[in-house]
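Following: one structure in structure tokens, then a few remarks.
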Amino acid sequence: MTESQTTDSRATEPDRAIGRILAAEEARAATVSRFGDRRAEALHDDETSTADLDGEQLDREERAALRRVPGLSTELDDVTEVEYRQLRLENVVLIGVYNRDADEAENSLRELAALAETAGAVVLDGLLQRRPHPDPSTYFGRGKVQELADIVTALGADTVIADTELAPSQRRALEDQVKVKVIDRTAVILDIFSQHAKSREGKAQVELAQLEYLLPRLRGWGESMSRQAGGQVGSGGAGMGSRGPGETKIELDRRRIHDRMAKLRRQIKGFAPAREAKRANRDRFEVPSVAIAGYTNAGKSSLLNRLTQAGVLVQNQLFATLDPTVRRSSTPDGREFTLADTVGFVRSLPTQLVEAFRSTLEEVGSSDVIVHVVDGAHPDPGAQLATVRDVIGEVGARDLPEIVVFNKADLVDDDRRLVLRGLEPDAIFVSARTGEGIDELRERIAERLPQWDVELDLLVPYDRGDVVALAHQKARVLETEYEEDGTRIKLLATDRIARMIRSALGS
Ligand SMILES: Nc1nc2c(ncn2[C@@H]2O[C@H](COP(=O)(O)OP(=O)(O)OP(=O)(O)O)[C@@H](O)[C@H]2O)c(=O)[nH]1
Ligand SMILES: [Mg+2]
């Protein structure tokens, strides 16, 4: 291992890597912009308010430990944990292609840096190439691929991550020329999800998404790596993008993978009845539901904690929350509602994940109100808003009442507030950290919660016992009379329930 010396210092002192990068500056061509030293700026404020962590503290430590030493006992019995971690921690170079908007591309690459670090890698550099379109065969143009290969060698990087979803053939061609492992944004996000999934349902969902991603990429995944005998990939050859089902199960043939996927789908379906039962229970006791949705790291869990003292894991990490937490809360005038924390969204959220997490996301779709949290201090809040609304639309929740909340107001100055107001005139500014705006948010939620103010007077034909049953189940029946043509029912309902009953009756 000729690399071990440099790898060691980098693993323990990422700062020195930055020095090295700066020193290598001259080697760069002018059309390639770099900002490896400003990485992870998208994640401001590393302070984790420990007061918020209480019962979840252990979970957080566990997660941090798991992050870098996966599968220790089964793969490498003869090295110490420390050596193993140094071997495994990946040193990555990020690459992206853009056409017009350099700022946007830079934000996206910075977010990719945050994602890579969350997955456990050290980011050494980031390179953007301006091009009308990514090269269909190698993503970067031919000349730049060579330049990239030189940079990778100079920095001693062992992985390149492209800020896109690469076609299987692009990935292979790039790998052949750059001589280190190449993965894409989708693989990194899948990797984070697989590290963070905790519940059985979450694990099944992530594995399904990973298999779906891997299936068209099976041929050649390990192949090109084994051709690089003596390359810089750690002896396991694994790491980001190949953890989870990627490593051992990759040898299964397609059919067995298809079988496995079918089984996972059945399993995930099997979780639905429990969720529906909970939902039905909430309906019966007339408890309205509020879902907190928003971009990853916007502060959804912090806000839930602030509103309910829930003690949910808060971390300056992307996708800290994968398993939705539901807590009870109440309005200032004493009405109860449930408040659900949800999985964060990210730009180009892999479609495989949206599919696999559809059941979880549909929880958002079946709530009464959505609190849409946006990080007010993020460089591009408009893009966050749009991304989240896209996903909300995809699960059919576009028409639900939405309260837009700019969080982290403690980091937002007056000028910026004006800009944010321009984006969303009705939004509320809050800070989960200082408590600013929280009372206003409670009031706004109370206003938007469904009111039991719709009165219906229905004549239900005698052959429609189902509608009578529905009325008794979901609404407050005030009067029942048996007339010649059917049952006359007077009832009180919320808007949503009234619509449900009317459409069941076909009126
Ligand atoms: N300054 C400041 N930081 C905040 C505020 N709210 C949350 N944070 C920080 O932002 C980071 C993310 O907070 P989380 O609550 O974990 O965010 P999340 O939206 O649940 O993130 P995911 O579950 O990863 O999608 C943490 O480091 C928090 O401490 C706030 O009002 N002000
Ligand atoms: Mg969270």
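Residue positions begin at 1 at the first shown residue.
Glycine residues also receive a Cβ, built from the backbone N, Cα and C atoms like all the rest.
Just so you know, TrEMBL annotations are computer predictions that nobody has curated.
What TrEMBL says about this protein:
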BINDING   294-301, 319-323, 341-344, 407-410, 431-433  GTP binding site
BINDING   SER301, THR321  Mg(2+) binding site
COMPBIAS  231-244  compositional bias 'Gly residues'
DOMAIN    288-453  domain 'Hflx-type G'
REGION    39-59  region 'Disordered'
REGION    226-247  region 'Disordered'
Taking only the CA atoms, the spacing between SER301 (Mg(2+) binding site) and GLY294 (GTP binding site), expressed in whole angstrom, is 10
Where GLY294 (GTP binding site) falls in three-state DSSP terms: strand
As a check: which entries in GLY294, ASN297, VAL343, the binding-site residues, place their Cβ less than 6 Å from an atom of ligand 2? none
Can you give me the same-chain residues 6 or more apart in sequence from GLY294 (GTP binding site) with a CB-CB distance under 8 Å? LYS300, GLY344, PHE345, HIS372, VAL373, VAL374, ASP375, GLN384, VAL388
So what pLDDT does the domain 'Hflx-type G' (288-453) average out to? 85
By the DSSP assignment reduced to helix, strand and coil, which category contains SER301 (Mg(2+) binding site)? helix
Around the Cβ of ASN297 (GTP binding site), how many other Cβ atoms lie within 10 Å? Please give the count over every shown protein chain. 27
I need the least crowded one of these binding-site residues (SER301, SER431), counting other C-beta atoms within 10 angstroms of each C-beta. SER431
How many other Cβ atoms sit within 10 Å of the Cβ of LYS300 (GTP binding site)? 31
